[in-house]
């Protein structure tokens with residue numbers, strides 16, 4: 001009888017395991033742990049990126065600007081052959097109307113590093129004056145590799161860091177299979193893959209730094225989070241989407257510590273220090289700094305460009321914003337709408353900061369900027 005009872009228990013356990021296997025498509029992958037799961041999903045994500053890179057891109061062999069590939073290649077050419085003070089300045093050797101740099105300095109430094117890589121294997125691809133419209137197979141292959149390397153060195157580790165922290169916070173992620181789904185959703189995001197690997201962009205760097213900053217903030221490493229987020233902001237100004245959430249959450253936490261003034265001062269010094277290091281070549285004069293800033297805010301393009309899916313473009317069917325109002329007025333409308341819609345979540349985080357609230361604030365502020373910001 002005892003033996004029969006033991007056999008029934010074993011059968012019940014086996015049935016439970018089999019049921020879990022039937023219900024969970026990830027069971028074969030996650031049974032070894034999170035890191036092996038991450039490695040397998042990462043390898044598949046890399047294969048998808050490589051496959052996307054095998055296809056054509058917009059602007060190929062189409063003068064006079066040759067598409068996004070030419071923009072990135074030209075920035076490498078400029079940063080490699082000119083001193084930093086001339087990277088954002090219009091001149092006879094740097095015609096800003098032809099793919100002039102319009103991202104913050106960290107993007108320029110990234111272009112320089114990648115330019116060195118290209119020059120090592122294909123010097124003609126970054127030769128000043130003679131490389132305009134250069135589209136050799138080797139040059140494009142090297143450019144694809146720079147995007148892949150940026151993903152592997154920055155975005156992928158940041159995603160692993162975030163997922164591990166997110167799991168430890170227990171925000172509804174109990175099983176390893178939930179973690180696997182989460183990793184797959186981030187690493188296989190079709191928008192990011194198509195833009196970066198289809199059109200030679202480097203959003204993976206700024207997004208990777210932002211994700212790492214979020215993970216650091218959630219794991220109570222506020223100073224590290226400040227530095228990482230400032231680096232993201234200095235790589236692409238689009239990272240400003242998340243500024244209200246970071247500001248509200250970190251300030252709210254500082255105000256609840258024993259010495260709020262000291263904590264705020266420490267955060268402020270980290271932010272100022274990071275910006276000072278990145279902007280150092282342009283802090284030598286007011287004119288140099290303003291020249292860079294003017295390139296980062298192209299208001300002359302109007303409140304929206306082409307057919308972007310934001311509030312201003314959609315509502316222009318009924319209200320002809322560009323015809324009825326001046327650029328200055330539209331800047332004020334845009335700023336006011338963006339602030340009004342993201343302010344509630346920012347204030348809520350200052351008054352009652354929480355990890356879960358911080359994540360919701362990130363979502364809210366990014367939607368606010370996406371819908372209402374200028375360009």
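Every residue, even glycine, has its Cβ placed from backbone N, Cα and C.
In TrEMBL, annotation is done automatically, which means it is predicted and not curated.
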Transmembrane segment according to TrEMBL, located in which of 117-133, 202-218, 219-235, 236-252: 202-218
Transmembrane segment range according to TrEMBL, out of 77-93, 94-110, 179-195: 179-195
Highest-contact recorded stretch vs the transmembrane segment (202-218), from 145-167, 267-283, 357-374, CB pairs under 8 Å: 145-167
